[in-house]
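Enquirer: This is the structure, below, for whatever I ask next.
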Amino acid sequence: MTKERMTIDYENDGDFEYDKNKYKTITTRIKSIEPSEGWLEPSGSVGHINTIPEAGDVHVDEHEDRGSSIDDDSRTYLLYFTETRRKLENRHVQLIAISGVIGTALFVAIGKALYRGGPASLLLAFALWCVPILCITVSTAEMVCFFPVSSPFLRLATKCVDDSLAVMASWNFWFLECVQIPFEIVSVNTIIHYWRDDYSAGIPLAVQVVLYLLISICAVKYYGEMEFWLASFKIILALGLFTFTFITMLGGNPEHDRYGFRNYGESPFKKYFPDGNDVGKSSGYFQGFLACLIQASFTIAGGEYISMLAGEVKRPRKVLPKAFKQVFVRLTFLFLGSCLCVGIVCSPNDPDLTAAINEARPGAGSSPYVIAMNNLKIRILPDIVNIALITAAFSAGNAYTYCSSRTFYGMALDGYAPKIFTRCNRHGVPIYSVAISLVWALVSLLQLNSNSAVVLNWLINLITASQLINFVVLCIVYLFFRRAYHVQQDSLPKLPFRSWGQPYTAIIGLVSCSAMILIQGYTVFFPKLWNTQDFLFSYLMVFINIGIYVGYKFIWKRGKDHFKNPHEIDFSKELTEIENHEIESSFEKFQYYSKA
């Protein structure tokens, strides 16, 4: 094989040119293969193809000549796509990232924290938790903007730390994203219960899974457009609820009640005793605040959702730095704005809220907004809000389907999952990874034998632990990445995003999340509240992740998996490919290897 290119004529799809230096495997029927200046040898052997400009990485398995020749007849060769496409614009990135964070927790589950801690504790706890999230976000932004590939922080764990941490982090993050799919499916079911419950919980499950699958197998640009509009709708919902709060607190309601900040004055800080024993105890206020802080650690997320889009973003080193900055500001505004508003519209001592929490009532009836609307005799608006909440939950589940499938795809690329999961369809969608991620939706069937609210609580505990572990991993990976970059910075391109206060910023995030992992299930240790099931849902992921790390490092690798030498870490292959893409997209600010 003496030349670099050949042309393949697809049946019904025109001609595509493949660059030998970039492309790896697809399965399709080829109408004809036409040599370009001797790319194919006379024997007719088929060589390796490495990328399709509009379709992602492909591979053609090499077949030696066995007396056959290539002619114009249609023949089938085993080829399959193994790379996603860069089709997402800045607006897609920002809205998809916001969509992955904002679900029903911000509008419904927040009522439990309000009831336990009071409005002031709720607002202060969320504001406080935004500090470590900011530290983690800027640390993530620095390494992801420098290395914008599929599953970047997981791939950097392999490259900069060791394989054992990468394996543990990959499986934990995939589990985190997958388990949130049934969480949102159950949330939709609980919201529907606001109107009626005389139906099988399997119906909304089936409908959502089919819709998630149909959306996920489309080209990523169509997924981006759909999620852009769904996320826009969620932002409109949040802003609409802010407007509702402002108007009604000034008397714009059927009761003409100018309630203002009455609920803040009534019980700004509320005592909470998990075991019900409040005799002679003054720790109730602290435990109320702690309950709000634990809720914040579940609800607030940040840069990891942007990072999962990095491998499919156009001009990533131009788009991602802006996205990280803008998304954090917008999410902080939405989180803190929601905490302020629920404390204004609903009292933590409201009888309906108290009954909803104590009786574990399913549905949006436990949403402080819906309770406030009913108290003010606003009849139609609760139904509208509930419809909007269903859309919000569906959109969040859609985003988790995307993130989980791309995570598993990245794991397969690194060899931590079977290679079959690297296969993509012609649109660059990792279809097998989508399928295995959606299998987790079946977990939502647990609600057939238990109260939906109970199942939601189980999932919340699992998600909280996994999310905190993921934050710890992000900080560890960043510290190792920073060490490698500073050792090699004279031979590497500039950082597109430079965070401040490092390494102390990352250390703050690391310590905060490590402490919260230990705290988040503390109530299970009260003598009256010990429950093996609750303990497992709170701390099982900690033991599983430790087991994966230790097992892989000392059993699978027999202790030979050592920390990477920062002087030997090679970023050049991935960065060269990113440079080539950005040059084709007329963005040349961070050129380095091409100039060299």
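Glycine is treated like the rest: Cβ placed from N, Cα and C.
Pulled the feature table from Swiss-Prot, pasting it below:
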- 1-94: topological domain 'Cytoplasmic' (TOPO_DOM)
- 139-165: topological domain 'Cytoplasmic' (TOPO_DOM)
- 187-199: topological domain 'Extracellular' (TOPO_DOM)
- 221-227: topological domain 'Cytoplasmic' (TOPO_DOM)
- 249-288: topological domain 'Extracellular' (TOPO_DOM)
- 310-326: topological domain 'Cytoplasmic' (TOPO_DOM)
- 348-379: topological domain 'Extracellular' (TOPO_DOM)
- 401-427: topological domain 'Cytoplasmic' (TOPO_DOM)
- 449-459: topological domain 'Extracellular' (TOPO_DOM)
- 481-505: topological domain 'Cytoplasmic' (TOPO_DOM)
- 527-534: topological domain 'Extracellular' (TOPO_DOM)
- 556-596: topological domain 'Cytoplasmic' (TOPO_DOM)
- 95-115: transmembrane segment (TRANSMEM)
- 118-138: transmembrane segment (TRANSMEM)
- 166-186: transmembrane segment (TRANSMEM)
- 200-220: transmembrane segment (TRANSMEM)
- 228-248: transmembrane segment (TRANSMEM)
- 289-309: transmembrane segment (TRANSMEM)
- 327-347: transmembrane segment (TRANSMEM)
- 380-400: transmembrane segment (TRANSMEM)
- 428-448: transmembrane segment (TRANSMEM)
- 460-480: transmembrane segment (TRANSMEM)
- 506-526: transmembrane segment (TRANSMEM)
- 535-555: transmembrane segment (TRANSMEM)
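Tell me about the setting of these features in this model.
Expert: Outside the topological domain 'Cytoplasmic' (139-165) by six or more residues, the chain places 84, 173, 302-304, 306-308, 310-313, 316-317, 320-321, 324-325, 406-407, 409-411, 413-414, 473-478, 480-485, 493, 495-499, 502, 505-506, 509, 549, 552-553, 557, 561-564, 566, 569-571, 574-575, 578 with a CB less than 8 A from a CB of the stretch.
Mean model confidence of the topological domain 'Cytoplasmic' (221-227) amounts to 77 (pLDDT, 0 to 100 scale).
Taking Cβ pairs closer than 8 Å, the topological domain 'Extracellular' (348-379) reaches residues 107-108, 110-112, 114-119, 189-194, 197, 241, 244, 248, 253-255, 257, 263, 266-267, 270, 341-342, 385-386, 389, 451-454, 457 in its own chain, all 6 or more past its ends.
Each residue of the topological domain 'Cytoplasmic' (481-505) gets a DSSP state, and the totals for helix, strand and coil are 13 helix, 0 strand, 12 coil.
Away from its own ends, the topological domain 'Extracellular' (527-534) comes close to residues 274-277, 461, 521 of its chain (Cβ-Cβ under 8 Å, at least six residues beyond either end).
Within its own chain, the transmembrane segment (95-115) has Cβ neighbours under 8 Å at 88, 122, 125, 180, 183-184, 187, 190-191, 224, 227-228, 230-232, 234-235, 237-238, 241, 270, 291-292, 295-296, 298-302, 305-306, 309, 323, 327, 330-331, 334-335, 338-339, 342-343, 346, 348, 353-354, 356-357, 364, 366-369, 371, 389, 392-393, 395-400, 402-403, 456, 460, counting only residues six or more beyond its boundaries.
Within the same chain, residues 110, 263-264, 267-270, 285, 288-289, 292-293, 295-297, 299-303, 324, 328, 332, 335-336, 339-340, 342-344, 348, 471, 474-475, 497, 499-500, 505-506, 508-509, 512-513 sit at least 6 positions outside the transmembrane segment (118-138) and bring their C-beta atoms closer than 8 Å to a C-beta of that stretch.
When Cβ-Cβ distances below 8 Å are used as the criterion, the transmembrane segment (166-186) is approached by residues 103-104, 151, 153-155, 157-158, 204-205, 208-209, 212, 304, 393-394, 396-397, 400-401, 403-404, 407-408, 410-411, 414, 416, 437-438, 440-444, 446-447, 452, 455-456, 459-460, 462-463, 466-467, 469-470, 473, 477, 541, 545, 548-549, 552 of the same chain, each at least six residues removed from its ends.
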Enquirer: Compare 380-400, 428-448, 506-526, 535-555 by their Cβ pairs under 8 Å to the transmembrane segment (228-248) and return the stretch that comes out on top.
Expert: 380-400
Enquirer: Please list the DSSP helix, strand and coil residue counts for the topological domain 'Extracellular' (249-288).
Expert: 11 helix, 0 strand, 29 coil
Enquirer: Would the transmembrane segment (289-309) and the transmembrane segment (327-347) count as touching if the test is at least 3 Cβ pairs under 8 Å, pairs 6 or more apart?
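Expert: The answer is yes, given that the two segments have at least 3 Cβ pairs within the 8 Å cut-off.
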Enquirer: I'd like to know if the transmembrane segment (428-448) touches the transmembrane segment (535-555) in this structure, counting it as a touch only when three or more C-beta pairs sit under 8 Å and are separated by 6 or more positions.
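Expert: These two stretches do not touch.
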Enquirer: Is the transmembrane segment (428-448) packed against any residues at least 6 beyond its ends, judged by a Cβ distance under 8 Å, and which are they?
Expert: 55-56, 81, 83-85, 87, 174, 177-179, 181-182, 185-186, 189, 200-202, 205, 208-209, 212-213, 216-220, 312, 401, 404-406, 408-409, 412, 420-422, 455, 458-459
